Amino acid sequence: MGWKVKANDRAYHQLPEFQKKVFLCIKKSRYSGNAIKTYKYNALTFIPLNLYEQFKRVANVYFLALLILQIIPDITTLPWYTTLIPLVVVLGITAIKDLVDDLARHRMDKEINNRKTEVLLDGRFESAKWRDVQVGDVVRLKKNDFIPADILMLSSSNPNSLCYVETAELDGFDPLTLNCVGLTGLIECEEPNNRLDKFIGTMLWNRERYPLDLDNMLLRGCKIRNTDVCHGLVIFAGADTKIMKNGGKTRFKRTKIDELMNYMVYTIFALLVLVAAGLAIGHTFWYDQIGAKAWYLFDGKGYSASHRGFLSFWGYIIVLNTMVPISLYVSVEVIRLGQSKFINWDLQMYYADKDTPAKARTTTLNEQLGQIEYIFSDKTGTLTQNIMQFKKCTIAGRSLVRIAGSKSDLFPPVDWSWNRYADKMFQFMDHSLVATVRSGKDKDAMEFFKLLSLCHTVMVDEDMVYQAASPDEGALVTAARNFGYVFLNRTQDTITIQEGDKENSYEMLALLDFNSDRKRMSIILRFPDGRIRLYCKGADTVIYERLSAESKHTKSTQTALDIFANETLRTLCLCYKDISAGEYEAWERRHKEAQVVLADRDAALDRVYEDIEKNLMLIGATAIEDKLQDGVPETIAKLAKADIKIWVLTGDKKETAENIGYSCSLLTDDMQIHYGEDVKVQPQSNRPGKRKPADPFFTQTGKNALIITGGWLNEILYEKKKKRRRLRLRRLGRRLPPSSPQDGQPMNDWEKEQRQVDFVDMACECEAVICCRVTPKQKANVVSLVKKYKKAVTLSIGDGANDVNMIKTADIGVGISGQEGMQAVMSSDYAFAQFRYLERLLLVHGRWSYIRMCKFLRFFFFKNFAFTLVHFWFSFFSGYSSQVNWFITLYNLCYSSLPVLLVGLLDQDVNDKLSLRFPKLYLPGQQGSLFNYKNFFISLFHGIFVSLIIFFIPYGAFLQTMGQDGEAPSDYQSFAVVTASSLIFIVNLQISLDTSYWTFVNCFAVLGSIAIYFGIMFDIHSAGIHVIFPAYFTFTGAASNALRQPYLWLTIVLTVGISLLPVICIQFLSKTIWPSVGDQVQRNRKKYEADLEREEREKAPAFQRGRRSRRSGYAFSHSQGYADLISSGRSIRRKPTGRAGLQQSIREVPHAENI
């Protein structure tokens, strides 16, 4: 054991043996303080760290280098502030956004670190802040206190040193769990780790050692419930706590488009260097042969031709920098901010019940929402409400139940006023069954509900609020309660129930616990009249194997089970067995012997349980519905049509997760289900003949689904075994020997990686994947494997702290808000209250954001190539001089920015309803087909073509031309006015052709941009501005003189027409001959919209459940271990929170693996 903790002795933990080296000779204690830090910056590091992060973006480095060049007088062709101001604005806006986000983290950290608790100091308890708590401190916690660290329970004010804790802040459930130990001493335990389901240690006290496990621990993030006072010893603090270890690192997320733009900036810069170098060489030869001999070009500097060529190179770098203008990044940030606001303002993603709107917690990932290929979802609290409802049952072969809401309801719900213990929220329609039970004449019905009230691990508090190890059990005990069989209380040895008007106590002789192999639980009771009876409930597959040959109604019950299964209800079979006193005494001896076996105790107990659970008599079966969140099946079906694959990663057991898979339409009848333990995955090197990458793992045709467990995942990926082996050999001081293919271990890292590749390939062939019993770390590992080997865009969605690591690992993290646990939301990129809103987030907002951003970038590159390359052509006629005017600054600022910005903000090919109706519209985003290198080079060649037209048509028109007044209009400024006017008309009309969704704002922007251009052009050529700035504006009247010539207007029209005509023809042909899905939907938009309106009017008021021909999973979702808690006298309680009604107060107690 490497971690030692001594109670209430702070000096002990500062001893040299517990010091670790931090930097050079600086050391500090290996025991972390309890202050947590989730923020990224402080007052000293904010500016340097933020600038460092921002200058990781290649474009920012490029603009900084450009600014440095513009400061040099001999090189600059533009004022330095034309680059400095936009660069400072971009850096400033991004820095402010990062600062706001980090201040929120600071506030949250400060609030948590300043929480108060009571610490034992100098023999008495004193109030202290969480950040001042240290390892080894003894703390006192009171009811409703949050637990400040991972602490070992020492004592409690409750009997048997009980402590009840709520883990909602930890795992997104709303359950209770319990822990108990009543000792103090020196603790030796495992070092800090992220295993929420495991803790091993020993306590040295009074010279004796006592074993410690997870049941003895209270984890940070939980809350004390229904316990007045408890005391604990801090074992792990701050960053060493299990919840912080599971948090994962905060990753800087970037979109695929961002990464692509970085590579495109490299490409453009290389192109820019080549062009500038070519022009600089041209200038060198031109000056050597012509410029040096022209007396009127003499500037008195005496530079050589090569020196002038060198300066010209840098001058052209500045002139041609508009290939990647800084305004591009300003516009991208504005568009992303606008898209985030649209998500926040979407009323169709607002959850009125909890007053929770959708929230985009980041502004940098919106377009990535339109490219999702894999969704990784938690189950409990994300897909389900974790609320079970008792729906139907069969008793002695008779299906007697009709539930509220069915079309055959002819009678009002049952009136429960006769039962003072009844849950008024429990609606039931079958009056005959109630009457039968109340009459006491049907012994089968009485035995049925008596079993439900006795065979369980539910606890009850003084207010008659049930605390259930699983919501299934809570629903069953509540049903029995309403029918007059009321579970009142239990002790270590007895269970008391109300049977009609009588109160009876039953002696509990044994509780045979549930586990995933047994798939059943039993209880052996001594009745008040001395009879001994075993009650058992479990999955039909195991119960039917153990039925007596004399058992009746097996066929009729089987038929009822099939009917229940078709409705995806969770089923349990109920049975009993009378036991003689002699038989029980003999079995009890074997049971006690198995309880003290040291080796393989669980297997020994299972064998003993098997001996008594034979020759059972069938009573009937129950059917329970696991309440899904509204719209989950429809959302999953719609996302599947968009070729988005959904994986469910849950801590629940396999049967529960599989049943939910069918309920929510993730699994369907036409899928072939494969279980991990049945699938043999071998590395390619071990297979006879290498498998080609294209060869599928599943050779049969049809859809496949894969269901695996966390244990299988560890085994198949060699995570656990190899780590244990390495640690064992490290302790022995030996090196890890090379393994052979025969021992099942990977030969090397390559083989391990190949095994991971094979697993990912196999899983990704399936339409759906369910991973059960996985830890938070495994959830993140699964996500990272798919990201690594499939290069796919991933999204994780969850509602609790157990999902935080997965949310941080995925490209997009979504938190379900509105629950008690908010850690998932705080770590997420997007948050909303219901899973069904994911459909709108991806298929509407994500798709629109991706289309808008791609269209914006394609056009932005085009318009800047068209503008910049005109300078290139002009250089051949201007002695390769790199001089420009104000137009280069105003072009991206005023003349062409607003129309393309509005397209990036508002454009949509089809409306939101059609986006949801046709999920295939989502495919281009997944394929990245709207913006890639192909589109980039198309924009480049389009820009080159337009720049040639813009320059050479006016150049030919001006060549040897005479104006109406007899003067040649071929002066430099007139030529500039014509080319500039042609460019402005072309880019604004081109964006008009690309606009799919016209609004008044778009129209105003296009016309306004053209008007602004002419207004500014006439101003800078006016006499008034020449008087004010005579050195800068010298060409008075040039614009008005040029535009008086009809010949030049004809030149502008000809230039614009030739530039746009090929684009119009190509668009017409592509939409007519090779229409995309989007083009087809647009063409029939009005028809589809009319169909939608008609469907909404004719929509059926109620959802009709579809039939399925499969066996439903049995209704048991709690885990092994609760029988031990009950038999040891430990219990769980909790008072109801929220609205009244028993159903709302039943909560599930998760096994540690569920957390």
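Heads up, the Cβ atoms here are built off N, Cα and C, so glycines get one too.
TrEMBL labels come from automatic prediction, so no person has curated them.
Sequence annotations record features per position, and here TrEMBL assigns active site, 4-aspartylphosphate intermediate to Asp378. The number of other CB atoms found within 10 A of the CB of Asp378 (active site, 4-aspartylphosphate intermediate), across every protein chain shown, is 28.
All protein chains shown were included, and the count of other CB atoms within 10 Å of the CB of Gly651 (ATP binding site) stands at 30. Taken from TrEMBL, the feature ATP binding site applies to Asp378, Lys379, Thr380, Glu473, Phe514, Lys537, Arg570, Thr650, Gly651, Asp652, Arg773, Lys779, Asn802, Asp803.
Annotation comment: TrEMBL describes Asp378, Thr380, Asp799, Asp803 as Mg(2+) binding site.
Feature annotation from TrEMBL assigns domain 'P-type ATPase N-terminal' to 6-84.
As annotated by TrEMBL, domain 'P-type ATPase A' applies to 113-158.
Marked as domain 'P-type ATPase C-terminal' by TrEMBL: 825-1076.
According to TrEMBL, the feature transmembrane segment maps to 55-72 (among others).
Feature annotation from TrEMBL assigns transmembrane segment to 78-100 (among others).
According to TrEMBL, the transmembrane segment annotation covers 263-286 (among others).
The transmembrane segment annotation in TrEMBL covers 313-332 (among others). Here the transmembrane segment (313-332) has Cβ contacts under 8 Å with residues 57, 59-60, 62-63, 66, 69-70, 72, 75-78, 83, 86-87, 89-90, 93, 265, 268-269, 271-273, 275-277, 279-280, 853, 856, 860, 864-865, 867-868, 871-872, 875, 882-884, 888, 891-893, 897, 900-901, 904 of the same chain, all six or more residues outside its ends.
If one looks beyond the transmembrane segment (856-874) by at least 6 residues along the same chain, the residues whose Cβ comes under 8 Å of a Cβ in the stretch are 257, 261, 264, 275, 279, 319-320, 322-325, 328, 331-332, 335, 884, 891-892, 896, 900-901, 903-904, 930-931, 935-936, 938-940, 942-944, 946-948, 950-952, 979, 983, 986-987, 990-991, 994. Per TrEMBL, transmembrane segment is recorded for 856-874 (among others).
The transmembrane segment feature in TrEMBL is assigned to 886-906 (among others).
With a cut-off of 8 Å between Cβ atoms, the residues of this chain six or more beyond the transmembrane segment (936-960) that come close are 264, 267, 858-859, 861-870, 872-874, 877, 969-970, 974-975, 978-979, 982-983, 986, 1047-1048, 1051, 1054-1055, 1058-1059, 1062-1063. Look at TrEMBL and you will find 936-960 (among others) tagged as transmembrane segment.
The annotation transmembrane segment is assigned in TrEMBL to 972-991 (among others).
Annotation source TrEMBL lists transmembrane segment at 998-1017 (among others).
If you look up TrEMBL, you'll see 1023-1040 (among others) marked as transmembrane segment.
Look at the domain 'P-type ATPase A' (113-158): DSSP puts its residues at 4 helix, 25 strand, 17 coil. Cα spacing between Asp378 (active site, 4-aspartylphosphate intermediate) and Gly651 (ATP binding site): 9 Å, rounded to the nearest whole number.
Assigned with DSSP, the residues of the domain 'P-type ATPase N-terminal' (6-84) fall into helix, strand and coil as follows: 34 helix, 10 strand, 35 coil.
Across all of the domain 'P-type ATPase A' (113-158), the predicted model scores a mean pLDDT of 87. The least crowded of the binding-site residues Thr380, Asn802, judged by other CB atoms within 10 A of its own CB, is Thr380.
Every protein chain considered, the tally of other Cβ atoms within 10 Å of the Cβ of Arg570 (ATP binding site) stands at 27. Among the binding-site residues Thr380, Phe514, Arg570, Gly651, Arg773, the ones whose Cα sits within 10 Å of the Cα of Asp799 (Mg(2+) binding site) are Thr380. Of all Cβ atoms in the shown protein chains, 34 besides its own fall within 10 Å of the Cβ of Asp803 (Mg(2+) binding site).
Between the farthest pair of Cα atoms in the ATP binding residues (Asp378, Lys379, Thr380, Glu473, Phe514, Lys537, Arg570, Thr650, Gly651, Asp652, Arg773, Lys779, Asn802, Asp803), the distance is 33 Å. The Cα atom of Asp803 (Mg(2+) binding site) lies nearest to that of Thr380, taking the binding-site residues Thr380, Phe514, Arg570, Arg773 as the candidates.
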